[in-house]
Amino acid sequence: MAAHGGSAASSALKGLIQQFTAITGASESVGKHMLEACNNNLEMAVTMFLDGGGIAEEPSTSSASVSTVRPHTEEEVRAPIPQKQEILVEPEPLFGVRQEQELRNGGAIDKKLTTLADLFRPPIDLMHKGSFETAKECGQMQNKWLMINIQNVQDFACQCLNRDVWSNEAVKNIIREHFIFWQVYHDSEEGQRYIQFYKLGDFPYVSILDPRTGQKLVEWHQLDVSSFLDQVTGFLGEHGQLDGLSSSPPKKCARSESLIDASEDSQLEAAIRASLQETHFDSAQAKQDSRSDEESESELFSGSEEFISVCGSDEEEEVENLAKSRKSPHKDLGHRKEENRRPLTEPPARTEPGTATNHQGLPSMDSEVLEMSPEKSDGIVEGIDVNGPKAQLMLRYPDGKREQITLPEQAKLLALVKHVQSKGYPNERFELLTNFPRRKLSHLDYDITLQEAGLCPQETVFVQERN
């Protein structure tokens, strides 16, 4: 019975050896050793053989003896960990709990949530969407002051204006009623141009400008809701509503070419035409020198009853000249045209009558600069300290001529208008304007000083025919 069991075990071992050799291609002796080492476990023996890269066909006797002993000493060695594939992190659901709740509630929660972007968002509903020039034009059309806010994204106080001040309903109401609100970033092109012109240094920055002249009236840096309302209320109490152009847009009409927009060639042509006209009227001017000298002492200004004294004539002569001008306006207009050409070509100092006609015949070029004599300027700014600070003004006339005059800073703007009118450019037909910033001086109050009008210490003033 025992012999029958031993033969069955040996036949089973032979079968395992044959399977091992068929799988691995090794010899029967190698298969026998591997099966003995693995306790007749065919799978483990094949794995061990393949992992070891194969074993020699006939191992030495010493290795054989070691292998024969190994089953007794290493029977407790555990099997290798089988290979398997698993996912370390399970995929998250496509929507979170909050998103699923919002979908179920129809987005009601999203309306209640206020993000940081909403808190610090600029006041789009208040802002003027355009450039600085269009904001000024809009302020003139709507008779509203121009409020400027320069934003620096690196300054948190500027962001607080968006969060606390501009979002307040009381602030919004007062801005909508009285101001054109223009906000721009400091590093933008418009912001850099504004900073360079108005010399901005501190942030946050809020200022109020007159849209007609571009003059800065007030400037604030630290504001909250209460202080802003107090400051704006005080400003409106002091300056009131802006009195400017009517809210109705002006009718478009054919506009003549202005002196500023004209090229040098066109200005030179205008000067040559004026010179030819002067030569043509030389004979008429020589006959009427005495009379035109008397009438040039005074001029009517803008339809008012005032007289503009240039050379200090007495009141009786002024009343007599006024009566003459009222009786024959067409004749007086002809005299004015003839008189106006003569002072532009005369030298600053008064000359003899015989030499005055010679100067009248000189051609007038664009490069000619006429300086105003102290005697004439004293007559215009009578009653003002002429020894104080001066304003250097370069006047450019429509005929291409230029005149440089010096007036005290405290002289009224009316004095400048009178001087231009004495040169033959009445206020009814001509206006004064500056180029940068482009503004019309004829729209300002004539009682303000040259310093308040922004013409100090020096400025170029253009005389242009009204449209």
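A Cβ is built for glycine as well, from the same backbone N, Cα and C atoms used for every other residue.
Annotated features, as they stand in Swiss-Prot:
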REGION    57-77  region 'Disordered'
COMPBIAS  59-70  compositional bias 'Polar residues'
CROSSLNK  K84  SUMO2 cross-link
CROSSLNK  K112  SUMO2 cross-link
REGION    240-260  region 'Disordered'
MOD_RES   S256  phosphoserine
MOD_RES   S258  phosphoserine
MOD_RES   S263  phosphoserine
MOD_RES   S266  phosphoserine
REGION    281-364  region 'Disordered'
COMPBIAS  330-344  compositional bias 'Basic and acidic residues'
MOD_RES   S373  phosphoserine
DOMAIN    386-463  domain 'UBX'
Give me the DSSP three-state residue breakdown of the domain 'UBX' (386-463), ordered helix, strand, coil.
13 helix, 29 strand, 36 coil
At a 10 Å cut-off from the C-beta of K84 (SUMO2 cross-link), count the other C-beta atoms across all protein chains.
5
Under a three-state reduction of DSSP output, how is K84 (SUMO2 cross-link) classified: helix, strand, or coil?
coil
Average pLDDT across the domain 'UBX' (386-463)?
87
